Amino acid sequence: MLGIHSLSPSAGFGMANGVSNPCCPCCIPAGAHAHLRGLELWNTKVLRETAKEIMAKGVWENISAAKREALLSSIPPEWIIPANIIPPEPQNDVTPFPENSGWLTSEEPKITNTPAHEILDKTTSGVWTAEAVTRAFCKRAAAAHQLTPILPRPGSPSGPLHGLPISLKDNFNVIGKDSTLGFSAWVNDPATYNSVLTNLLRDAGAVLYVKTNVPTAMMIAETVNNVFGRTTNPRNRLLTSGGSSGGESALIAFGGSPLGVGTDIGGSLRIPAAVTVTNSQPWLKDPKCIPIPWRNVEPKKKLKIGIMWDDGMVRPTPPVRRALKETAEKLQKAGHEVVDWAPTGHDKANDILDRFFLSDGGKSVQKLLSLSDEPIRPEMERYGRAVDRGVYELWQLHAERNTLQKEYIDRWSTAGLDAILSVEHGKFKHVGYTGVYNILDYSCLSFPCNVTVDQAIDIPRTDEAPLSDVDEQVQKEYNPSAIHGMPVSLQLVGRRLEEEKVIMMGQVILKAL
């Protein structure tokens, strides 16, 4: 399911059956900045919870069911897929449906398969109207109302993102729309103000047409909650779409959005979109933003890249190992220096991350669940038994993190690295490959490496002792036949506040591949 909130133009943002237009079950967010924004939203809403407590108590199933029904009701009848062409349940890969079913018009696939930067060229030149582009993506997402009344006028570009449909994660506020973060207690509690990013994108001419689903509290590594259920991977519905941005990734993989907050179809719009936002000086409106404008970085002819083959806790599965090896070989062939990078301190970072997540004893999550008697999801069961660490221990935790950050940057500087190439781990049971860089506050980029799982090549390894109990479980559960043909992505890591450099290096690496 792709949990999407439709952003309707009528009556402000529109209502469906007396319920503010919800998210539909198929898409949504991730990353440290997303979690910080979610925490801000969390703190704001908690102040209003006492008044809602009696109203919401004991009815989470009804609230969630009504929200899902309202979502379905918000889809225009002409955009309801006829039952006779819906892909059968056993069909795992549903990404070919838009092109092969005949459900879209002849023009709509052309629009929705066009890279974002080319869409901008056509909307600003008048070849396509913003209305036609938005209608095509709304229909392909199958979860939005028609947006005609709020679209920019054809031929009158309103900004650098004129007429470009952009999907937003659920944690970004849009006035009149829920930001549930997967809690039934926050259903029918629409935002009273826009997030800064919402205003910046709209001012740049973007069309914000859907909000996408998130896991409960954005604290599960795959996208699932009790309101909208589980978001699956449109390339294989037996697999996860990840988290906490699995909704965004699923929608974009299906072709239902040319650009979501943090990701887009081909990468060609990430830099101009980022420049647009940073050049709008968001630090004048959001005190948490660092006042650093976008900095142009010239590509280096020769990069020095460290390869981290494993994190010392869980080994990558065979196709990911192969992707690392093949990528390293191609980088060397292209003239770049490749060296091994040991995961020193990664176990400590993983432990610090885990303790930060549970530092309030799980009370914030437990309180919100209790408002509607919503049960805690099994993926979050540790929040039900967490221990409040108290102020002193929390300060010590900050000190541990600061020490680790200093040790890591010293080692990096001594090695003279430009970047680290690592695993973009997809297993829910272990988030150490990504979480460590949240603790270090480093800049990261995930990218496709032109490797797909091959069940004939990527056979399970039985000749290695497990690094940990979690490693043993991950390797036992690895099933190459279940994920045969699925693409593999890797992660490129730069130092703190090196986003521009990481994007530049990503372009260099993709060229080498």
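Placement of Cβ uses the backbone N, Cα and C atoms for every residue, glycine included.
Since the structure is predicted, the reported quantities are computational estimates derived from the model, not experimental observations.
Lifted from TrEMBL, the feature list:
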DOMAIN    142-276  domain 'Amidase'
ACT_SITE  K169  active site, charge relay system
BINDING   M218, S244, I265, G266, G267, S268  substrate binding site
ACT_SITE  S244  active site, charge relay system
ACT_SITE  S268  active site, acyl-ester intermediate
DOMAIN    281-502  domain 'Amidase'
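Model confidence over the domain 'Amidase' (281-502) is summarised by a mean pLDDT of 92.
Cα to Cα, S244 (substrate binding site) and K169 (active site, charge relay system) are separated by 10 Å. Across the fold, the C-alpha of M218 (substrate binding site) and the C-alpha of K169 (active site, charge relay system) stand 11 Å from each other. Cβ neighbour count for K169 (active site, charge relay system) (all protein chains, 10 Å cutoff from its Cβ): 29. Counting Cβ atoms from all protein chains shown, M218 (substrate binding site) has 27 others lying within 10 Å of its own Cβ.
Note on S244 (substrate binding site): other Cβ atoms within 10 Å of its Cβ, all shown chains, come to 29. DSSP assigns K169 (active site, charge relay system) to a strand segment in the three-state reduction.
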